[in-house]
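Q: Sharing a structure, written as structure tokens. Questions coming.
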Amino acid sequence: MSVKVIVTDMDGTFLNDAKTYNQPRFMAQYQELKKRGIKFVVASGNQYYQLISFFPELKDEISFVAENGALVYEHGKQLFHGELTRHESRIVIGELLKDKQLNFVACGLQSAYVSENAPEAFVALMAKHYHRLKPVKDYQEIDDVLFKFSLNLPDEQIPLVIDKLHVALDGIMKPVTSGFGFIDLIIPGLHKANGISRLLKRWDLSPQNVVAIGDSGNDAEMLKMARYSFAMGNAAENIKQIARYATDDNNHEGALNVIQAVLDNTSPFNS
């Protein structure tokens, strides 16, 4: 077995539906991973400041691929961030503002931004995923490096909106689903696998050394990349098709069960 890196998504994967995880179990596992020199990476569409809130004791020890790959941190230090040009940002914002029913968050290096006129329920939902969230009068006046946009919609509207944005923003941003009604607009090529690849290069490791665990469309590239790819029991069907292996759902500690299999050297890690 040559596992040197374990990468996990958060929502619908590492976290249960109550947005918590079995901390005593994981902390014991983490100490064992550390002893064996196995690195732990969180890869999520969420904001870095939100992600570190789940790992206050470990935030300067582990690595984070945040914002779906647009922001990479190792041991508390920023290694990489994506960047839209000011012109590209204006095009994207202009397109999103065409639909008056569409609420969205603009994600930047310093903060995430939401319209001061956005519905309270939308702001409250987004605040759970973006711990730094500032209200703005005009998205076009944001003075920050922008690298992602996030929308939340009823599930039945998602395919139509994705198709529309795919055409309108072709070459500038790519829409991906991240579960729970979320659509993220990412810079083409700046997905989770790209962020993980940056860390692997730094560590002189390869995808052959990686275990990746996920449940949604934004996990597809990292699952295709990793030698040991696991779909959660609650994963979207297309993700189950992509992953080589399956684990339990997020309410039955599916991600922690994979980590335990690595530590116990049981199937598929014993072949």
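Think of each number as a place in line: the chain as shown, counted from 1.
Cβ coordinates come from backbone N, Cα and C, glycine included.
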Q: Return the residue out of MET10, MET173 that Swiss-Prot annotates for the same phosphate site as SER44, GLY45, LYS192, ASN218.
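A: Answer per Swiss-Prot: MET10.
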Q: Within 8 Å of the Cβ centroid of the Mg(2+) site residues ASP9, ASP11, ASP215, SER216, which other residues of the same chain have their Cβ?
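A: What remains near the Cβ centre is MET10, GLY12, THR13, SER44, SER178, GLY179, GLY214, ASN218, ASP219, MET232, ALA235.
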Q: Tell me the Cβ neighbour count for ASN218 (phosphate binding site), meaning other Cβ atoms within 10 Å of its Cβ, over all protein chains shown.
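A: Taking every protein chain into account, the count is 25.
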Q: What does the structure give for the C-alpha distance between ASP11 (Mg(2+) binding site) and SER44 (phosphate binding site)? Integer Å is fine.
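A: Per the Cα atoms, ASP11 (Mg(2+) binding site) and SER44 (phosphate binding site) stand 8 Å apart.
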Q: When you tally the Cβ atoms that lie within 10 Å of each candidate's Cβ, which of the binding-site residues (SER44, SER216) has the highest tally?
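A: It comes out as SER44.
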Q: Between the Cα atoms of GLY45 (phosphate binding site) and ASP215 (Mg(2+) binding site), what distance do you get, rounded to the nearest Å?
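A: Distance between the two Cα atoms comes out at 12 Å.
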Q: Take the C-alpha atoms of MET10 (phosphate binding site) and ASP215 (Mg(2+) binding site) and report the distance between them in angstrom, rounded.
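A: Computed Cα spacing between MET10 (phosphate binding site) and ASP215 (Mg(2+) binding site) is 9 Å.
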